[in-house]
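The next block holds one structure in the form of structure tokens; read it before the comments.
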Amino acid sequence: FKGGDTCEYLLSSGRFLGEKVWQPHSCMMHKYKNSEAKNCLVDKHIVFIGDSRIRQLFYSFIKLINPQVKEEGNKHGNIPFEDKSASIKVDFLWYPEVNGSMRQRIKSWTEGSVAKPHIIVVGAATWSIKIHNGSNEALTQYKINITSIAPLLEKLAKSSDVYWVLQDPVYEDMLSDSRKMITNEKIDAYNEAAVRILNSSSRNSKAKVKVFSVSKLIAQETIMKSADGLHLPESSRDTNAMILMNVYCNKIMKPIDGSCCQPEPPLTLIQKLAFCFFTLSIIGYLIINLIHRNNFRKNKSCTDLESGEEKKPAISTPNVSTLEMLLQSFCKLGLIMTYFYLCDRANLFMKENKFYTHSSFFIPIVYILVLGVFYTENTKETKVLNREQTDEWKGWMQLVILIYHISGASTFLPVYMHIRVLVAAYLFQTGYGHFSYFWIKGDFGVYRVCQVLFRLNFLVVVLCIVMDRPYQFYYFVPLVTVWFMIIYGTLAIWPQIVQKKANGNCLWHFGLLLKLICLLMCIYFLSYSQGAFEKVFSFWPLSKCFELNGNVYEWWFRWKLDRYVVFHGMLFAFIYLALQKRQMISEGKGDPLFSNRVSNVLLFISIVSFLTYSIWASSCKNKTECNELHPSVSVVQILAFILIRNIPGYVRSVYSSFFAWFGKISLELFICQYHIWLAADTKGILVLIPGYPMFNVLVSTFIFVCVAHEISQITNDLAQIVVPKDNSTLLKRLLCIAGFFCGLLLFSAMQDQSRH
């Protein structure tokens with residue numbers, strides 16, 4: 001299903017999501033702020049010509065530029081508006097009938113060196129019906145007048161945007177006696193005449209007058225709320241004004257969440273090189289595969305004609321070489337990246353705006369929880385936060401976050417605050433997991449660091465290249481990467497304190513605590529010193545990784561939002577491993593973690609703390625204030641959950657294999673959703689099957705999960721090849737990777753220069 005001309009769809013079709021949110025067919029509509037409207041319309045002249053309905057549209061339009069404007073002045077006269085700060089001029093010209101006077105005004109813009117308006121919005125008919133009492137002669141004259149005006153409008157359309165607004169239906173039961181002759185049957189006849197004449201006239205002309213027919217659809221749903229049966233309610237005309245703004249401004253401002261009327265972005269140099277690379281990989285893999293197939297056929301068992309015995313082949317199965325595995329991985333990745341590009345960069349598939357309802361969020365949550373409980377199995381080990389349990393934790397959190405994103409639940413503050421805790425819990429696991437590894441294993445080698453960095457960043461780097469997005473756009477991966485390096489730096493710096501060394505002398509425990517205190521102080525300083533933080537990450541080439549829209553503020557905000565939770569994860573790991581070493585906790589199958597009395601007390605405190613946090617989060621009224629408290633208090637609910645999940649022996653010894661499966665690919669799910677499940681860089685929803693929302697979600701979700709799983713396999717395969725255990729080979733690979741990134745920076749600089 002092609003998206004087609006999204007401008008045409010925006011002007012002609014759509015539906016309501018809820019009562020006030022208009023969804024154009026196949027594309028997304030951006031909600032313009034005053035500053036954005038001014039930037040788009042700077043030095044522009046816009047003219048509205050018509051009757052009282054067009055005057056309504058005029059007022060709604062100028063309120064997008066200046067919300068303080070009041071609807072006052074001569075209702076049956078011209079109304080000027082000017083915004084001197086942006087040099088915007090918007091005029092309403094009172095021409096309630098399509099007649100000679102309107103034609104003369106339009107003709108004046110086509111003659112000589114008269115300055116033409118940049119946007120012209122025209123429409124009228126109800127006055128002709130009213131004055132002539134709905135006579136057929138008036139309709140005939142209307143056709144004649146439009147026929148004479150149409151060539152002039154087409155001439156203007158060569159240099160200006162010209163819109164003919166069709167007449168909205170009326171609510172006949174509410175019309176006053178003086179307007180009873182204005183019937184929907186008459187309005188349809190006038191609209192049909194206008195469309196036929198304008199379309200037939202534009203067939204011989206390159207320029208085209210755009211027919212603004214979507215207001216009819218909007219009016220059909222909302223005219224019952226009209227005050228007089230003729231004029232639209234304010235919310236409906238505001239929607240029409242926003243559509244008009246999207247039609248004109250989207251191609252200029254290029255908003256991420258405004259896909260209507262946006263042209264397909266041109267391929268960058270880096271994207272072209274990536275396309276060539278993946279194409280060569282596919283060709284290379286096919287050639288090697290064909291060679292192996294031919295060799296395999298030659299080595300097949302055959303009958304010896306002399307002895308009549310069957311000979312066995314020298315090679316039973318073809319060995320998969322490193323090169324073949326490499327090419328196979330890039331071949332699959334190339335096909336997957338093509339799908340990514342088609343979904344979110346090419347205007348091939350439709351996109352729609354999100355619309356939040358409580359049922360769209362909570363019903364899927366209940367459904368996946370039931371599924372998760374259904375797939376309950378015994379764990380291989382019963383330690384606190386064992387592998388199956390952490391995978392399960394990641395899995396259900398990721399599914400909840402996915403539902404949160406596709407349902408647009410960020411507009412509902414209590415849900416937003418709980419999702420913030422889930423993101424914090426991911427970072428808590430980062431602190432806990434990496435600290436535990438370094439503390440127990442004492443492995444600070446380059447191989448371990450490179451493996452972690454590769455697995456975290458491989459997909460994001462590929463997407464930055466293919467989708468032409470900055471690294472910071474996928475904010476969670478930079479966040480986890482930086483925190484991993486902070487954990488590594490904290491523990492690897494002299495003196496290296498690990499469990500083996502600390503067991504010999506308890507003083508080393510205090511040394512480690514001192515390191516953690518220093519880390520906490522650095523975090524505290526950077527969180528309250530934006531200038532120092534920005535200086536650290538504004539040095540080239542770090543700035544290329546952490547800048548978004550020309551500055552690192554977004555990165556600072558994201559880092560600051562969960563600044564303490566990784567430290568909390570490290571501290572929890574240290575305390576837990578110390579208690580475990582001293583056998584102060586019981587981790588046997590079915591055994592409570594502590595003595596019965598202590599376990600019951602801790603369990604009660606945990607449940608109360610968990611519920612208290614939820615009550616506080618649900619009572620949040622201001623997102624900014626709650627975000628300020630979040631870094632300090634999010635750990636309360638995280639620790640409460642860990643204790644509730646691990647204190648009872650039975651609960652600790654079982655896990656959900658359903659959630660754990662998703663947990664193993666949680667990073668890929670989080671990143672892939674940006675482009676092949678959601679759309680317009682997470683701002684909207686991808687529509688593969690229009691007209692069937694539930695079926696569309698099922699199909700797109702199935703593809704999305706399969707792709708995430710496949711990318712996880714590809715990343716694991718490539719990690720073994722790109723990051724070998726042999727130090728000398730690894731060093732060579734690192735030099736190659738450094739060369740690759742230097743080339744990437746060079747091409748990126750060339751792109752930026754060509755754009756400017």
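Placed from the backbone N, Cα and C atoms, the Cβ positions cover glycine too.
Unlike curated entries, TrEMBL annotations are predicted automatically.
What TrEMBL records for 22-92 is domain 'NXPE C-terminal'.
Per TrEMBL, domain 'Cas1p 10 TM acyl transferase' is recorded for 253-734.
Under 8 Å from some Cβ of the transmembrane segment (269-291) lie the Cβ atoms of residues 323-324, 327-328, 330-331, 333-335, 337-338, 465-466, 468, 744, 747-748, 750-751, 754, all in the same chain and six or more residues away from its ends. Taken from TrEMBL, the feature transmembrane segment applies to 269-291 (among others).
Annotation comment: TrEMBL describes 355-375 (among others) as transmembrane segment. Long-range contacts of the transmembrane segment (355-375) within the same chain: residues 17-18, 21, 23, 395-396, 399-400, 403-404, 407-409, 411-412, 415, 656-659, each at least 6 residues beyond the stretch ends and with a Cβ under 8 Å from a Cβ of the stretch.
The annotation transmembrane segment is assigned in TrEMBL to 396-417 (among others).
Annotated transmembrane segment per TrEMBL: 452-468 (among others), in sequence order. Away from its own ends, the transmembrane segment (452-468) comes close to residues 265, 268, 270-271, 274, 333, 337, 340-341, 344-345, 434, 474, 477, 480-481, 484, 667-668, 671-672, 674-675, 711, 715-716, 718-719, 722-723, 744 of its chain (Cβ-Cβ under 8 Å, at least six residues beyond either end).
Marked as transmembrane segment by TrEMBL: 474-494 (among others).
The feature transmembrane segment is assigned by TrEMBL to 506-526 (among others).
Annotated transmembrane segment per TrEMBL: 561-579 (among others), in sequence order.
TrEMBL lists 600-617 (among others) with the feature transmembrane segment. With a cut-off of 8 Å between Cβ atoms, the residues of this chain six or more beyond the transmembrane segment (600-617) that come close are 414, 417-418, 421, 594, 626, 633, 636-637, 639-641, 643-644, 647-648.
What TrEMBL records for 629-647 (among others) is transmembrane segment.
Residues or ranges marked as transmembrane segment by TrEMBL: 659-679 (among others).
Marked as transmembrane segment by TrEMBL: 685-709 (among others).
Residues annotated as transmembrane segment in TrEMBL: 730-750 (among others). Panel annotation: around the transmembrane segment (730-750), residues 269-270, 273, 446-447, 450, 465, 541, 544, 722-724 of the same chain, lying at least six beyond its termini, place a Cβ under 8 Å from a Cβ of the stretch.
On the 0 to 100 pLDDT scale, the model's mean across the domain 'NXPE C-terminal' (22-92) is 94. Long-range contacts of the transmembrane segment (561-579) within its own chain (CB-CB distance under 8 A, at least 6 residues past either end) are made by residues 384-385, 420, 423-425, 427-433, 435-436, 439-440, 479, 483, 486-487, 490, 499, 509, 512-513, 516, 519-520, 523, 526-527, 585, 627, 630-632, 634-635, 638-639, 642.
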